[in-house]
Amino acid sequence: MRIRSLGVIDDAVVELSPGFTAVTGETGAGKTMVVTSLGLLLGGRADAALVRIGAKNAVVEGRIAVPGDAAVAVRAEEAGAELDDGALLISRTVSAEGRSRAHLGGRSVPVGMLAELADELVAVHGQTDQQGLLKLNRQRQALDRYAGDAVAGPLAKYAEAYRRLRAVVRELEEITTRARERAQEADLLRYGLDEIAAVEPRAGEDVELAEEAERLGHAEALASAATVAHAALAGNPEDPEGVDGATLVAGAQRALDAVRSHDPALAALAERIGEVGILLRDVAGELAGYADDLDADPLRLAAVEERRAALTALTRKYGEDIAAVLSWAEQSAARLTELDGDDERIGELTAERDALRAELGGLAQALTDARTEAAERFAAAVTAELASLAMPHARVSFAIRQTEDPEGVEIGGRTVAYGPSGADEVELLLAPHPGAPARPIAKGASGGELSRVMLAVEVVFAGTDPVPTYLFDEVDAGVGGKAAVEIGRRLARLARSAQVVVVTHLPQVAAFADRQLLVEKTNDGSVTRSGVKVLEGEERVRELSRMLAGQEDSETARAHAEELLETARADR
C-alpha cells in the first residue's frame, strides 16, 4: 500500500509480504493509520478528519494479488476493472471536505463495490470486533458461519417462510386496525350508490334533456320560424299571389326542359335544378311536420327541468357529467365488494397465518437441531485452539435456548419467540480452568482471555472459510508473557496458509513475524510526520528491545530480543 496525507502519515509505502507481517511503533506514531488505510481500500467509511492538516486530500493505493479465476476477479471484471499482471489495483481518495472517490482496476466505481469485494479479500479484526463478539447476535452469526451449509440451507428455508408470515401478519394487522375506517368508507359508498340508484340515470341522458329543455323553452319562436321558412319554400295558402321557392325552381326547371335537348351541358344543369326542387319539397315537408309536432307543453318543460335538477344533484357529488357519475358508481361498487369482503379476508389471512406459524415452527426446530450439532464441533475446535494459546484447561461451549412467548411458534410442545434468524438465542460460554463454571464470555472473560478466544475463533474460521489475508489490530491486548508467545506462534502457523498482518505492541508476537514494519514519528521542529520502514537485522533487535524495556540499548533487553527472535526462528 501507499499512503499519502492520511492522519500523521505524510507519504509512506507499506510493503506487506507473504506470510506474517508485524506492524509496530510507539503509541501515537500512526500504527492505526495502517489499519485505517486498508479499511478505506476495502470500502470503509471515509471521514474528512482523516485528511492530514494542510492537505487537500488523502490518498491510499493498494495492489492486491488475485488469481484470474477467483470470484473476486470475475466480479471486478464485470464492473469494468482490469487486472494488472495478476493484481487488482485499488485506490481511494478522501477530500478535506469529506468527499470520497474510489477506483478499481483503473475504473471509477462506487465505494460500495469495494465493500462488496472486501469479504473475499481480507478479514479485519480489531478490539471493536472483540467487543462485537460479546453480543449474542454476533455469537449466533459466528456459529452459523462455522456450520456452513448445514445451517445455511435450513436458514434460507426458514427466512423465506418468515418473510411470507410477516407479509400475512402485516396485511392482517392493516385490515384489522383500519376496520373502522373501512366501515366508514363502505357506508359512504353505499349511500352514494343508493342515491344514484334512486335516480336511475341513463348514459347521455343529461345531454338529451338539455337539448329538449332548450327546445321546449323556445317552442313558439321555433314554430314561427319553421312556418315562415315553410311558406318561403312551398308558398302560403293565404297569399296566392306570393312567390315561393318551389314555384321559382319549377319555373326554372320548365325553361331548361324546353331546350335541354340542344346542349348536354344545359341538360346537366336542368338535372341539378330538378334535384334542388326535390330537396326543397322534402325540406318543406319536414318543416311542416316539425311545426305541427312542436309541443309548447309547459308541463313537459317542468318535468324535464325537474329531471335535470335530479341529475345535476348527482353530478355535483360524483362527477362532472352523467358518464362520470356512472363510472364512479361502477368503481365504487367494486370497492364496496372489496370492503364488504374484509371479514372473509380476515378469516383467510388468519388461517394462512396459523398455517405459516406451524410451518415456521418445524423449520425453526430443524434450524435448532443443525445449530446444536454444529455448536458441539465448533466448541471443540475453539477449545483445542485455546490449548495452544496458553489456556490448556479452558473449555468453550454454547448455550442454545428459546424464550417462551404466547404469540410465538410451537417447537417441541412449547410456544417460543422467533425472529428473522430462527427461535434460538445462542450464547458462547467459557470455563477458563477446571472447576470454574461455564459463564458467558461477556461476564466471565478477562481482556486477555477474550483476545485469545477471538483469535481462536478466527483461526478455526481460517480452516473452514478462509480468506487470502488476515489483519489483526492489537487483538493481543491484555495478554503478556507465555500467552503472548503462544499467540505469536499461532499467528505464525496461520501465516503458513494465508497472509497475516498484525498491529501489535507485544515483542513476543512481533518476534514471530517474517517481516516487521516500524511506524515512526519524526519532528523537524514545525511539522510532525510519520513514515513506515522495514526493519532488518540490528534495527529489528533495537525495536524489540524498545518494546521489551522501553530502551533500545539495554543489554538485557537486547539479549531478550535476540532470544525471542531465535526462539521464533527455531519454531518455524
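Each Cβ is built from the backbone N, Cα and C atoms, and glycine gets one as well.
Database features (Swiss-Prot):
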- G25, E26, T27, G28, A29, G30, K31, T32: ATP binding site (BINDING)
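Structure with Swiss-Prot features highlighted.
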residue	record	CB count, 10 Å
G25	ATP binding site	22
E26	ATP binding site	17
T27	ATP binding site	6
G28	ATP binding site	12
A29	ATP binding site	19
G30	ATP binding site	25
K31	ATP binding site	23
T32	ATP binding site	19
8 Å Cβ shell about G25, E26, T27, G28, A29, G30, K31, T32 centroid, ATP site members excluded: V519, K521, S530
